[in-house]
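*Asks:* Sharing a structure, written as structure tokens. Questions coming.
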Amino acid sequence: MLRYTATRMIRAVLTIWLAVTAVFVGLRLSGDPAQALLGPEASSEAVHALRQAWGLDDPIALQYARYLWQIAHGDFGRSLRERRPATKVVHERLPATLQLGLTALGVATVLGITLGTLAAFHAGRLTDRIIVALAALGQGTPNFVLGLLLILVFAYYLRIVPTGGREQPTSLILPAVTLASFSTASLTRYTRSAVLEVLRADYVRTAYAKGLPFFRVLLDHIARNSALTLITVLGLQLAVAIAGAVITETIFAWPGIGRLLADAAELRDFPVVQYGVFLIVVSVVSVNLLTDLAYGLLDPRIREG
Amino acid sequence: MMAPTARVATATKDVLLNRQRRSRRRRLPLTTVAALTWLGALFTFALLQPTLPLPSPTAQNLLARLTPPWGFGGSITHLLGTDHLGRDLLARILAGTRISVSLALLGMLISALLGTSLGIVAGYRRGVFDQVVGFLIDFWLAVPFIAIAFVALTLFGTGMTVLIPLLGLSGWEQYARVTRANTMRVRQELYVLAAHGLGAHPARIVFQHVLPNQVAPLLVMATLHLTSLILLESSLSFLGIGVQPPTPSLGNLLGEARNYLQIAWWFPFFPGMTLILLTLAFNELGDWLRDVTDPAIRGRR
């Protein structure tokens with residue numbers, strides 16, 4: 001297990017390093033980094049001053065080393081729009097994103113696993129067909145279309161929830177539903193096939209045959225063996241949720257990181273985009289690492305193999 | 001030699017299998033027929049849009065702003081109503097579909113070409129090149145693509161010259177992963193080893209044996225990839241960093257409609273429905289193709 005953990009951790013660190021390096025290379029390829037950092041409207045004096053201050057005329061290896069040094073010390077530059085450290089600008093938006101993301105992930109997990117298991121137990125029957133059709137619809141509906149339709153119906157016609165913002169507790173409902181829809185749908189599909197697979201297994205038939213009650217079989221045999229697939233799928237949902245959060249936050253004027261990044265990308269506020277993306281990469285890589293470790297812990301074949 | 005009865009039995013089984021296979025091919029599921037019909041109709045109209053008797057998708061008419069669709073208080077000149085600048089919504093949806101689907105097709109072709117070549121070379125040559133490709137695949141899988149897109153669009157600005165390569169780079173890793181594994185498998189087959197032993201050039205082996213072996217999975221992957229490309233492009237355009245106005249795309253139509261939700265329901269509704277039905281149809285087509293081409297899942301659904 002130690003060897004397995006070590007290789008996984010080295011891979012994670014390598015991935016983050018490669019991402020940081022790719023941004024560095026991209027920054028150089030885009031032309032003058034000083035111009036990119038100051039924005040297209042900056043005066044040539046300001047650009048020149050920054051080139052001097054940043055040592056942009058130094059050898060590229062030295063610049064790269066300095067860049068890594070700064071990032072290792074949490075220095076990601078100042079937001080071009082707000083004239084404050086990019087890290088501060090992004091951190092202020094963290095709570096809103098975490099609230100939305102965790103709510104959506106919770107809803108998706110509970111609903112997805114329940115619906116998927118239900119469908120698997122009724123495979124081929126009406127319940128199953130309805131659930132499968134709904135899941136296909138959920139996976140095929142882009143979340144910005146769903147979000148707009150939800151606003152249209154629930155905020156403008158029925159007037160039971162606000163159209164956006166984060167002022168009232170009910171503001172969370174529509175964004176959370178929008179963000180959860182895709183993950184719920186894919187979790188339902190994965191749970192369904194994972195449970196179906198286990199239900200066909202010999203050990204489940206044996207468990208029933210030796211007279212174990214239904215719930216014993218469900219918890220001890222079915223849930224345990226389906227869990228492996230589900231952990232992987234849950235880990236993958238984070239990357240999906242991040243892309244979804246950008247859109248969802250924009251539609252509902254939710255003051256989170258996703259919306260901040262979309263605005264910053266449009267205004268070409270590079271330091272903010274850089275730090276936001278860095279945070280995203282680090283969190284996705286960490287979750288993938290945890291998934292791998294959980295997988296290795298649950299299934300000895302993987303860590304030995 | 002086989003006993004005559006056994007031979008007859010095998011022959012009968014073959015005939016039965018063939019008949020079964022043929023009937024399976026002939027009878028398309030109803031949902032697939034619906035998906036194909038819808039896609040065919042939509043693409044025909046989208047391609048013919050410039051020649052159809054519709055107002056131009058970019059012609060503004062400020063006197064006819066936000067006209068409701070025909071049957072909801074609007075006239076037949078604007079069947080699906082108009083947008084905030086009085087442009088015909090139907091014409092814009094058709095033109096937008098054409099642009100969104102063309103971009104997705106272009107991105108798919110670039111992705112497939114890049115991923116397939118890298119995957120085949122990596123799987124065939126192995127060695128250091130294979131390890132580098134393997135690490136790049138893992139890296140691309142680990143980093144959410146929206147993050148890459150944000151950095152690229154911030155650094156290089158918006159526009160087709162950035163958008164098309166970006167779409168082309170999304171999803172190459174799926175093609176590379178599958179073709180790499182497939183190539184490694186096919187390379188060990190007896191007929192490939194024989195071709196190699198006869199002195200066939202690697203290029204010949206790849207085009208004669210390796211590539212034809214993966215046409216089916218590639219086709220399925222490409223169809224499902226189209227859906228995610230359409231969604232990616234429309235998401236970026238919706239956010240204002242994809243296709244730039246006045247060029248319509250399904251995404252930026254919805255982005256523009258966002259500000260008129262309360263007063264013009266048709267403005268977001270029709271582009272949104274087009275997009276949903278488009279992705280559903282592509283998903284259905286991909287699922288069907290997978291069922292037809294993959295003998296392992298055939299008959300399970």
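Heads up, the Cβ atoms here are built off N, Cα and C, so glycines get one too.
Computed from a predicted structure; not experimentally measured.
In case it helps, TrEMBL gives these features for our protein:
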- A:94-291: domain 'ABC transmembrane type-1' (DOMAIN)
- A:12-31: transmembrane segment (TRANSMEM)
- A:100-123: transmembrane segment (TRANSMEM)
- A:130-158: transmembrane segment (TRANSMEM)
- A:170-190: transmembrane segment (TRANSMEM)
- A:228-255: transmembrane segment (TRANSMEM)
- A:275-298: transmembrane segment (TRANSMEM)
*Asks:* Is the transmembrane segment (A:100-123) packed against any residues at least 6 beyond its ends, judged by a Cβ distance under 8 Å, and which are they?
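*Replies:* Residues 131-132, 134-135, 172, 175-177, 179-180, 183-196, 199, 230, 234, 237-238, 241, 244-245, 248-249, 254, 256.
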*Asks:* Could you tell me what the rest of the chain brings near the transmembrane segment (A:12-31), counting residues at least six beyond its ends with Cβ under 8 Å?
*Replies:* 60, 64, 67-68, 71, 270, 274, 277-278, 281-282, 285-286, 288-289
*Asks:* Against which stretches of its own chain does the transmembrane segment (A:130-158) lie, if we need a Cβ under 8 Å and a gap of at least six residues from its ends?
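*Replies:* 115-116, 118-119, 164, 174-175, 177-179, 181-182, 184-186, 188-189, 192, 244, 247-248, 250-252.
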